[in-house]
């Protein structure tokens, strides 16, 4: 009997425990269900429709507009209902409204981003501290058009600390970090940029930087040549008074050389893109890491065994190929230059024509600086789920315009990820609408950008302070001595120690003990 009584008690306790557990689970699952679904409904109502904030008619067909309405927005969906920043009146804490950003209230968050970037940009901060007392850019009025990220914010604030007045816009409609732009505006920089600008917004922002009563730029810092082109075309009198242009991209440099060849370049310009510290570090090492970051964040693709074709084997192409090969991808190269093609062969890659392999490719990457590298014909022949992206500066490499046709449907599946759907159901995955992948869809290593930013700062200082006659109306490379100085500023980060030449060794080699150590024609 005691055993039976004990069993009844245990059974009764178990029933009470089960009842309490049921009530608890009902309570836990019931309340969140309402909250979660309500939030989801609110979020869905914020996504842009055909009549929403950003006009889609400029870039997509009627058949694809509806696909966008239920997909991720170009910017944070929580801000979509606020309208374009051009329609809002914002002021910073000092009462200034000389800027146009997404939301000035994000400034505190952006400031933290900038402070984090400064930790890995010690060389640029060192340059700021060394030259801050001299103010080598006092009187300089710099108008800039670059990616607006935490790293470029450190550059902009360095230029201001060295005495310059700056007005800034973005060179890419997708690469702006809104919180960083807000932090710059709060600090007093006239910045006109936000993530997800339309084409009209893009040119409006550039114009607002250049066209201001009582303020006229005398220096240009450009990335891609759009700002230089705008000033040259729209404000020729301003262009003639510019003291110097610093350009950091292949596309922009090409445009400068075209102007120079035509005899229309009336100011000296510095080609930073082909400086050793930009080409070998930003173009090569930066892209070697950021290509994977951009592809992984947008597609979650596994690269092992994938067939990838990289169009162009310059420094950017070399970096991309090295990273893809290391993860087990089968990499093909297309090239027009026999020297670059031979380098690709010696590095173990097959050099092919794009139309020979396009049907088998899982990923297509462009990095040539040219236009129409991937045409509609190539896109039509691609396999289902082929990923197409661009690592060059300009959005001209992939013929995206040819995809804006009624028979193709655009479906936004993630931020910066579009599925282009053919009538037979085939899908091609297009990233960032053919714009620069790494800065549109991910980030780039801060340390490498420190190298580029330091190079840009020194180029501006050199052009602004150069005595009359040193630089004529032409395009110049950064002096070798400056390249070496930029590199030396970054060596302490690795606890690296240079060997010094003895007097006898320097005499034997015909070198100055302090450099430059290589002639201008040396190929690193």
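Using the three backbone atoms N, Cα and C, a Cβ is placed for every residue, glycine included.
According to TrEMBL, the feature substrate binding site maps to 149, 223, 248, 278, 282. Packing around residue 282 (substrate binding site) is summarised by its Cβ count: 26 other Cβ atoms lie within 10 angstroms of its Cβ, all protein chains included.
For 314, 315, 316, 317, 318, 319, 335, 438, the entry in TrEMBL reads NAD(+) binding site.
The compositional bias 'Low complexity' annotation in TrEMBL covers 57-76.
Under the heading domain 'S-adenosyl-L-homocysteine hydrolase NAD binding', TrEMBL lists 283-444.
Feature annotation from TrEMBL assigns region 'Disordered' to 46-97.
With respect to their backbone Cα atoms, residue 335 (NAD(+) binding site) and residue 282 (substrate binding site) stand 21 Å from each other. Scoring each of the binding-site residues (149, 438) by how many neighbouring Cβ atoms lie within 10 Å, the top position goes to 438. Between the binding-site residues 314, 317, 319, 317 has the most other Cβ atoms inside 10 Å of its own Cβ, all protein chains included. Largest Cα-Cα distance over the residues recorded as binding NAD(+), namely 314, 315, 316, 317, 318, 319, 335, 438, equals 22 Å. Here the domain 'S-adenosyl-L-homocysteine hydrolase NAD binding' (283-444) returns a mean pLDDT of 95 for the predicted model.
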